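Okay, structure first, notes after.
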Amino acid sequence: MNHKFIALLLVVLCCALAVHQVSAEVPSHCTLSLATGTCKGYFPRFGYNIEMGKCVEFIYGGCDGNANNFRNLEECQQSCSV
């Protein structure tokens, strides 16, 4: 049982270090959530998805977004990709 606990602890630590390393390399504005905003517009935009490690398309409503909001894929990749 002691060996299982140690193995589990090592897995958790490795995962935590991997997430920390990726987060440290990505600019802080790219770690923000993909905010659709509160308005009802329909604007295709791109934002960095920290869990997927890449830029993805989402729909922006037109207001109350954040800095993780780019007009095209290239803009997002230039700003956020590591």
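Glycine is no exception: its Cβ is also placed from the backbone N, Cα and C atoms.
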Self-check item: Cross-link partner of Cys39 (disulfide, per Swiss-Prot) out of Cys15, Cys55, Cys63
Solution: Cys63
Quiz prompt | Recorded disulfide partner - Cys30, candidates Cys76, Cys80, source Swiss-Prot | solution = Cys80
Quiz item: Which of these disulfide-bonded residues has the least crowded Cβ, counting other Cβ atoms within 10 Å: Cys39, Cys55, Cys63, Cys76, Cys80?
Solution: Cys63
Practice problem: Take the domain 'BPTI/Kunitz inhibitor' (30-80) and average the pLDDT across it for me. | Solution: 97
Quiz item: Closest of the disulfide-bonded residues to Cys80 (disulfide bond), Cα to Cα, picking from Cys39, Cys55, Cys63?
Solution: Cys55
Practice problem: Write out the long-range same-chain contacts of Cys30 (disulfide bond), meaning residues 6 or more apart in sequence whose Cβ is under 8 Å from its Cβ. | Solution: Gly47, Tyr48, Ile50, Asn68, Ser79, Cys80
